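Q: Got a structure for you, questions after.
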Amino acid sequence: MLKGIVVKAYNSYYYLQSGNKIITCHLRGRFKKGRFSLIVGDEVTYTLTGPEKGIIEDILPRRSMLKRPMVANVDQVVLTFAAVNPDINPALIDRFLVIAEYSELDIIICINKIDLANIDTIASLVERYVQVGYRMFTVAAKTGIGIAKLQEYLHDKISVFAGPSGAGKSTILNAVQPGLELTTGEVSHKIGRGKHTTRFAELLPLNGGGFVVDTPGFSFTDFSEMEEAHLMDYFPEIAQIAPTCKFNTCIHYKEPQCAVKQAVAEGLIHTERYQSYLDILTEIKASKRGF
Ligand SMILES: Nc1nc2c(ncn2[C@@H]2O[C@H](COP(=O)(O)OP(=O)(O)O)[C@@H](O)[C@H]2O)c(=O)[nH]1
Ligand SMILES: [Mg+2]
Ligand SMILES: [Zn+2]
């Protein structure tokens with residue numbers, strides 16, 4: 001049985017990467033009855049009906065599924081931020097981190113445009129997140145600094161690039177994989193031109209193996225689906241200390257004898273990380289009152 005991976009879905013066509021070929025496929029009829037949907041990233045078996053045409057016979061079990069954008073079998077997300085222009089904003093990094101942790105993704109943080117940055121500011125920021133346990137990369141897509149190292153971590157994986165618009169995601173991908181020629185520098189996300197690539201996720205193959213997914217970027221983060229009591233799970237350093245709080249229902253807000261607040265006071269947890277936690281907690285509380 002031939003195997004492939006869905007790199008692009010458009011109308012009722014699925015484009016499979018199989019070896020170094022792209023096979024244009026339809027779905028076998030029986031799939032269309034259920035509420036079955038095949039998405040980019042799915043691994044499938046197929047039979048050939050022509051030189052580079054085929055029919056998808058079966059879908060292999062999904063290892064993971066990302067909702068926005070819809071991509072199956074994502075191995076990691078590369079959260080990308082600009083050091084400057086727009087200026088780096090740790091509170092925004094924390095918001096993206098919470099979304100990624102909630103989605104149970106492996107996370108890489110990538111700080112771009114370090115050619116424009118104050119080294120000391122960036123170093124202390126890198127230190128903050130390394131302390132928490134995140135993998136940090138500092139790059140300048142424009143000059144190529146740090147790109148080779150980032151490339152190593154993308155090898156043989158499906159990596160989704162996410163982060164605010166203007167951070168340089170598309171520029172990084174163009175540097176990582178020459179020939180991609182993704183559009184960069186777009187301020188707004190126009191739908192007209194290039195709608196295939198902006199509206200639908202597409203797996204972009206890397207020469208050495210693996211795929212990357214570019215996303216248009218979003219500045220809006222929504223926490224209303226989350227539970228107050230679970231927010232701490234999306235802050236690894238808070239989750240680690242939480243079991244030593246006096247009350248096992250402690251959400252590290254106004255409770256007495258809270259080990260997390262103690263750790264913040266002692267400098268073991270960064271004050272701004274805790275502040276991000278409180279800010280998001282407040283948003284979750286407010287969204288629950290809205291019902
Ligand atoms: N100085 C500098 N500018 C960059 C760098 N990377 C991207 N840019 C610029 O930042 C702008 C936004 O880049 P783009 O890749 O479109 O960001 P995206 O919205 O995250 O995909 C463009 O004008 C890029 O030329 C970098 O490393 N250094
Ligand atoms: Mg872009
Ligand atoms: Zn506590």
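In case you wondered, yes, glycine gets a Cβ from its N, Cα and C as well.
Pulled the feature table from TrEMBL, pasting it below:
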type: DOMAIN; residues: 63-221; note: domain 'CP-type G'
type: DOMAIN; residues: 72-219; note: domain 'EngC GTPase'
type: BINDING; residues: ASN112, LYS113, ILE114, ASP115, GLY163, PRO164, SER165, GLY166, ALA167, GLY168, LYS169, SER170, THR171; note: GTP binding site
type: BINDING; residues: CYS245, CYS250, HIS252, CYS258; note: Zn(2+) binding site
Q: Counting other Cβ atoms within 10 Å, pick out the least crowded of the binding-site residues LYS169, HIS252.
A: HIS252
Q: Checking the binding-site residues GLY163, LYS169, THR171, CYS245, CYS250: which ones have Cβ within under 6 Å of ligand 2?
A: LYS169
Q: Given ILE114, THR171, HIS252 as the binding-site residues, which ones have a Cβ positioned under 6 Å from some atom of ligand 1?
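A: Among ILE114, THR171, HIS252, near ligand 1: THR171.
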Q: Which whole-number value in Å describes the distance between the Cα atoms of CYS245 (Zn(2+) binding site) and ILE114 (GTP binding site)?
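A: A Cα-Cα distance of 39 Å.
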Q: What binding-site residues among ASN112, ILE114, GLY163, SER165, ALA167 have a C-beta sitting less than 6 Å from any atom of ligand 3?
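A: Qualifying residues: none.
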Q: With DSSP as the reference, give the number of residues of the domain 'EngC GTPase' (72-219) in helix, strand and coil.
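A: Going through the domain 'EngC GTPase' (72-219) residue by residue, I get 51 helix, 31 strand, 66 coil.
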Q: Counting other CB atoms within 10 A of each CB, which of the binding-site residues ALA167, CYS245 comes out lowest?
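A: Looking at the binding-site residues ALA167, CYS245, the Cβ with the fewest others within 10 Å is that of CYS245.
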Q: Going by C-alpha positions, which of the binding-site residues (CYS250, HIS252, CYS258) is nearest THR171 (GTP binding site)?
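A: Result for THR171 (GTP binding site): the nearest of the binding-site residues is HIS252.
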